[in-house]
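Below you'll find the structure, written out as structure tokens, and then a few comments.
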Amino acid sequence: MPKASKKSYYAVCIGREGPKIYNSWDECKQNTSRYPGAKHRGFSTYQDAQDWLASAISLSSNPGREPSADSDSEVEVVATGPVPSKTARSSITARKQMPPTPISDDSDIEIIDTPPLGATGSSPTEIVLSPEQKKVLKKVEKGENVFFTGSAGTGKSVLLREIIRYFRSTNKKVAITASTGIAAVNIGGSTIHSWAGIGLGEEPTKTYVGKFRGQKKLRSVWDRWRNVHALVVDEISMLDGGLFDKLECIGRELRGSETPFGGIQLVLSGDFCQLPPVPNKRDSNKAPATFAFEAQTWDCVGPPVILKKVFRQKDQSFVNMLNEMRFGTMSESTIKAFKALNRDVTYEDGVQPTELFPHRADVDRANNTRLSSLPGDSHTYRAMDIPGTDANGNTLNYAQMERLLERLVVPQSITLKVGAQVMLVKNLEQGSLVNGSVGTITNFSTSKQALKNGISVARIDSGQNMPFQTMYEPEQEEEAEGKEEDENNPSSNARVWPVIRFTNGREMLCIPLEFTVNSPLGIMEARRDQIPLILAWALSIHKSQGQTLERVKVDLGKVFEKGQAYVALSRATNLKHLQVLNFDPSKVTAHPTVLAWNDSHSTGASTTSKRNKASTVSNYLTDDEMDDYEAMTMYHDSF
């Protein structure tokens, strides 16, 4: 019996330090023992270990397939280089005809990484809630209604994710919703309008109740109202107070209970000092928008829990400046400090600050201009969009799918070049590579080339449903094996992806990941598989809400809505990396109704007396622009 060759190298595909090749079994064991889903193998030569590792990674993104050197895509690539083969094109067509795949949670991403020398293995960072955040979670666990708020950067989104995680760990049915499509996608839920079955919400309450009870096709809406235990609504500041009352009444009617919302537990989150409600237009007359706290039934929520610890900004002076700005009551010293930010900020790594604009048209114009000015070949990545099903199991048509996917930040098509500035739109690594991380494209590479060069590759956790299952067919693999790969010319292989160097020094190859839009029942309605990037020389203020940006440039000359300037400037993490043009104190306004409401909860004074005081609390409050229907419509229609 031949003697087995000695294992000198141990390749780890899934382990504590990510994919890595070790020189001893002890090191391999240390990083795989008792690690969930650990995958490793020993080899006698380093080349064999490297080849297996590249193949294993491709297989993990292609379950049920034979290993291949570079099987990581279902996204159509349009780039300088060879045209995809006939087999590849036919497989794309076949993919479009496949039934939708089961829904998966797309929030758990891990990075295939070769750690730098000296790095030590560690488990993923656990979220540690502050005492005030724990107070909110405790109220939720007790079954109480709760509304928590706070300035930008106080961890509202982090807390909400922990609350959602708590509900999902129980057997209680919970509806995860938000007031806008973008906010709903960010928390893995649906809009409150969609969940409630009310569309635009313009019909009388009795009409909705009658429809839900009387129409068989709307039975599922009635069922979810009657069976839900808790209702989560994020970005409550953008929900109209009249609509809040309407939802409360529908809850009582459909559940046959006189308790508020029919006994549904409410968990609400948002900041009324940020973007305001969308105004409605009824009978061709403009109707002033009202805040949710002005609803007749708002008292059922109870007093707000105000989060005060700011995590985004570490500089307390900057925190104080933003707090003054939030309430439109800036001191002369704060005004002077913001005006001093009108200066050029240079960065040695060449990554420019993200410029925030009020309108999407300005964003597109700025990004396209900068991209076209770059030399070199362009690479265009078109997403694979896949329709899901409705509550009755029927496949959605193309138009329905397209409308749903418009909620996503990730685009259907994106063109990139070496030197392009891009932003991640998915959380990949807690505290390191997150939604909002900015970097520059250094080159385009296959995953195999990236691994050889020690570059990270993002992928979805192998325990989840994987994209990239059909574009790379066996016949295409055979064609590729017969050709010698040109290491110096990544474009010689159609499957090249952008390599990004982020501002923190990390490098990563971005391959396509999965983005989904879910129904109120948790059914996948539409899915987009696309590289998780957007151009990042410019970004809309609306899409920046909730994000943390390391480098920010804002021209306040075009802002027209209360809260816009605050939302834009509060994205920054520090004053050093914030550039502000055309700072005008008159543009920094807070709504007097919000000021009065906030004061009533801060001091215990009555809302009425404080509301009278609001008109004089700041020299910079102007007319009530929020009720200017034309301005608000222009603002909301531009996103």
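Glycine residues also receive a Cβ, built from the backbone N, Cα and C atoms like all the rest.
Per TrEMBL, these features apply:
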type: DNA_BIND; residues: 564-583; note: DNA-binding region
type: BINDING; residues: G150, S151, A152, G153, T154, G155, K156, S157; note: ATP binding site
type: COMPBIAS; residues: 474-488; note: compositional bias 'Acidic residues'
type: DOMAIN; residues: 142-303; note: domain 'AAA+ ATPase'
type: REGION; residues: 59-125; note: region 'Disordered'
type: REGION; residues: 473-492; note: region 'Disordered'
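Location within the structure of each feature annotated in TrEMBL.
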residue : record           : Cβ contacts under 8 Å, 6 or more apart
G150    : ATP binding site : K156, D271, I306, L307, K308
S151    : ATP binding site : D271, C273, V310, L322, N323, R326, S570
A152    : ATP binding site : D271, Q274, R312, L322, R326, Y566, V567, S570, R571
G153    : ATP binding site : V310, F311, R312, Q313, T548, S570
T154    : ATP binding site : L307, K308, K309, V310, F311
G155    : ATP binding site : L129, S130, Q133, L307, K309, F311
Q. Given the ATP site residues G150, S151, A152, G153, T154, G155, K156, S157, which other residues of that chain have a Cβ within 8 Å of the mean position of their Cβ atoms, reported in sequence order?
A. D271, L307, V310, F311, R312
Q: Let me know the model's mean pLDDT on the DNA-binding region (564-583).
A: 86
Q) Including all protein chains shown, what's the count of other C-beta atoms within 10 A of the C-beta of K156 (ATP binding site)? A) 22
Q) What does DSSP assign G150 (ATP binding site), in three states? A) strand
Q | Secondary structure content, the DNA-binding region (564-583) (per DSSP, counts of residues) | A | 6 helix, 5 strand, 9 coil
